[in-house]
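Features as listed in TrEMBL:
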- B:6-29: transmembrane segment (TRANSMEM)
- B:36-55: transmembrane segment (TRANSMEM)
- B:61-83: transmembrane segment (TRANSMEM)
- B:95-114: transmembrane segment (TRANSMEM)
- B:143-161: transmembrane segment (TRANSMEM)
- B:190-210: transmembrane segment (TRANSMEM)
- B:230-251: transmembrane segment (TRANSMEM)
- B:258-279: transmembrane segment (TRANSMEM)
Amino acid sequence: MKKLFALSLSVLTLWAVSLFFVAPDDAQADEIKIGAIIAETGGAAFLGIPEARTLRMLTDEVNARGGVAGNTIKLIIKDSGGDPAKAVSFAKQLIEEEKVFAIIGPSTSGETMAIKDICDKNKTLLVSCASTKAIVDPVAKHVFKTPQNDSLAVEMIYLEMQKKGISKIAVAVGGTGFGKMGGKFLNEMAPQFGITVLENEVYDPKSTDLSSLVTKFMANKEVEAVVNWSIVPAQAILAKNMRQAGWDVPLFLSHGFGNIKYVELGGAALEGVFFPAGRLLVADSLPESHPQKAVLVKYTTDYQAMFNNEPVSTFGGHAYDAFKILCKGIETVGKADTAMVIDAIENMTFVGTGGIFTLTPTDHSGLKLEAFEMLTVKDGKFALAN
Amino acid sequence: MNPDLFFQYMLAGITYGFLYAIVAIGFNIIYNTTGIINFAQGEFVMLGGMFAITLNNILPLPLAIAAAVVITMLIGALLEILFIRWLDNPSVLRMIIITIGLSILIRELALHFWGETVFSLPYFTGNELSTVSILGAKVSPQVLWVIGVSIIMVTALSLFFKFTFTGQQMRACAANRLAARLCGINAKNMVTFSFMLSAGIGAVAGSVISPITYTQYDIGPGLAIKGFTVAILGGLGNSVAAVIAGLLLGLIESFSIIVIPLAFQEAVSISILLIILFVRPHGLFGRSDTASLKEF
């Protein structure tokens with residue numbers, strides 16, 4: 001009996017081992033592994049959830065069409081929860097164990113900065129869905145990103161303030177990598193636009209009430225507008241607390257506000273806020289002749305058909321752009337060769353959801369100020385501000 | 001500082017204060033009957049909010065909240081019966097570890113059921129823009145709801161402990177468990193009841209604060225730490241002291257932003273907790289001789 005058991009055990013083991021060793025070899029010939037580090041949970045989940053959904057949708061779509069240059073895409077999504085430490089270990093795992101061709105994400109700037117060097121040193125392509133300029137400045141050969149630079153968003157906001165004759169502002173940022181970098185640019189760039197930052201505060205990303213912060217800002221009677229730079233749900237709380245305190249100065253938010261879920265959270269308090277964003281959120285209002293129109297409408301229609309009419313967000317758009325740029329690079333070259341694909345991407349013009357990308361060896365972001373529109377919230381929906 | 005601003009800070013502080021106080025009272029009730037700190041108290045607040053939000057899809061708001069409170073109370077009772085009741089003379093440390101485990105368990109289950117999404121109940125009166133003017137300061141009407149509900153709860157609890165038979169039995173258990181049992185009080189039932197009561201209070205709190213703070217599966221630990229600080233600050237076991245201590249901490253947090261950047265607000269409350277633990281472990285309003293009678 002014992003012998004029989006040992007025998008069957010060893011047969012089973014052999015079979016299991018063979019599964020591990022033989023199967024991948026068969027598939028490897030025409031499979032490209034793409035890793036993705038996405039904050040599907042945690043404070044940045046409003047970014048990560050649409051990103052992950054978009055990537056899964058696009059992978060299925062591409063594979064159904066026969067793959068990229070004859071290769072099927074195998075997508076491996078890791079949920080980092082927005083935590084830079086987790087992003088680092090997932091990046092190492094994807095590079096060393098899964099040997100992925102490229103990594104899409106992470107969702108947040110803090111995470112991307114944490115793995116920028118790891119990817120570059122290991123010669124693994126990284127197309128980030130996070131926004132801060134530091135990701136592509138200085139340029140790392142293997143690192144690209146799809147969202148508009150935060151410095152551009154700051155410029156957009158300051159130009160709008162100039163138009164409105166606002167020159168004295170208060171700045172509140174969420175305590176994440178994105179918030180801190182935004183605060184840095186807001187303060188550094190203000191003098192160029194004749195704007196003075198009178199108050200600076202950082203709030204805990206898990207804040208539940210910011211009324212004392214609002215009171216502090218209100219106490220400074222010279223403040224003409226507030227900028228709230230954040231990607232966490234607390235950005236809606238600040239708006240609520242301002243309006244509840246009866247303070248109605250203009251409120252500017254960052255491009256980290258581009259998910260309608262934030263509007264649902266803050267409700268009426270978010271009516272009339274200003275924030276710069278790509279055109280995805282207002283695709284309907286664009287004229288037919290706009291070069292981005294077709295891309296935006298197709299992505300919106302596909303996404304909504306797939307996910308129960310859920311409104312699209314700019315974040316899903318960033319993942320769309322990242323995935324498409326990678327695919328276009330591989331298609332141009334005809335195979336998954338890192339150096340050649342980078343070469344292709346560095347000479348690429350691509351019409352995406354975030355704008356029209358003109359990528360060069362010195363510009364790994366490829367978007368200009370024109371990629372933005374100034375948006376507002378009207379009757380609970382995103383709308384063009386001007 | 002002009003008076004308007006002073007009151008604006010003060011109202012912010014009072015809102016935080018009552019929030020912390022309700023959680024602290026939940027700690028106190030269980031502490032009084034069992035001598036342990038229930039670290040899953042914050043999770044009761046979360047569950048109350050979550051159930052109310054979910055039920056509000058099919059029920060009108062008051063009914064949804066009432067149902068959420070009942071469900072959370074049943075969960076509180078169930079947890080006690082499953083994990084605490086059958087333990088034979090457990091050490092305090094063991095029970096505390098159990099409650100920490102429970103808090104993690106509840107949080108993970110909530111993550112499974114409700115996901116990551118941030119939810120909130122609608123404002124009880126008005127909406128996000130409604131404000132009420134008090135002494136020149138403006139606040140959301142929901143703040144008044146939080147303050148009102150807290151005051152009613154604290155009063156009702158004091159009356160309950162003083163004048164009802166069950167309340168008196170619970171107090172007897174708190175004072176001397178053995179003597180209470182000798183008098184024929186079922187101490188085990190009283191413990192179960194204290195879990196139900198504090199779960200219920202947590203659930204009410206979770207519902208009233210939801211429009212202000214939003215509700216997410218992981219709001220529990222943050223609230224529990226603040227509530228714990230307040231319970232210690234006031235002196236464990238004393239609910240009226242918890243309200244005063246809560247207000248004190250809330251006001252300190254709110255006014256601290258004038259001199260200390262907001263980013264350090266958490267550090268302020270943790271420092272207060274540490275100082276109290278070192279200097280006056282029996283709390284501001286507790287007496288050291290009675291505190292030493294309780295076993296830790």
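In case you wondered, yes, glycine gets a Cβ from its N, Cα and C as well.
Residues 22-23, 26-27, 30, 61, 63-65, 67-69, 71-72, 75-76, 79, 92, 95-96, 99-100, 102-103, 106-107, 110, 113-114, 119-121, 195, 198-199, 201-207, 209-210, 215-225, 227-228, 231, 236 of the same chain lie 6 or more positions beyond the ends of the transmembrane segment (B:36-55) yet place their CB under 8 Å from a CB of it. Most Cβ pairs under 8 Å with the transmembrane segment (B:6-29) belong to B:230-251, among the candidate stretches B:61-83, B:143-161, B:190-210, B:230-251. Of the Cβ pairs linking the transmembrane segment (B:230-251) with the transmembrane segment (B:95-114) and spaced 6 or more residues apart, fewer than 3 are under 8 Å, so the two regions do not touch. Sequence-distant contacts of the transmembrane segment (B:143-161) (same chain, at least 6 residues past either end, Cβ-Cβ under 8 Å): 11, 14-15, 18-19, 21-22, 25, 29, 124-125, 132, 167-168, 170-171, 201, 204-205, 208-209, 212, 239-240, 243.
Here the transmembrane segment (B:61-83) has long-range neighbours at 40, 44, 47-53, 55, 98, 102, 121-122, 124, 191-193, 195-200, 202-204, 206-207, meaning same-chain residues at least 6 beyond its ends whose C-beta is under 8 angstroms from one of its own. Residues 34, 36-40, 42-43, 46-47, 50, 54, 79, 83-84, 87, 217-218, 220-221, 224 of the same chain, all 6+ positions outside the transmembrane segment (B:95-114), place their C-beta atoms under 8 angstroms from a C-beta of that stretch.
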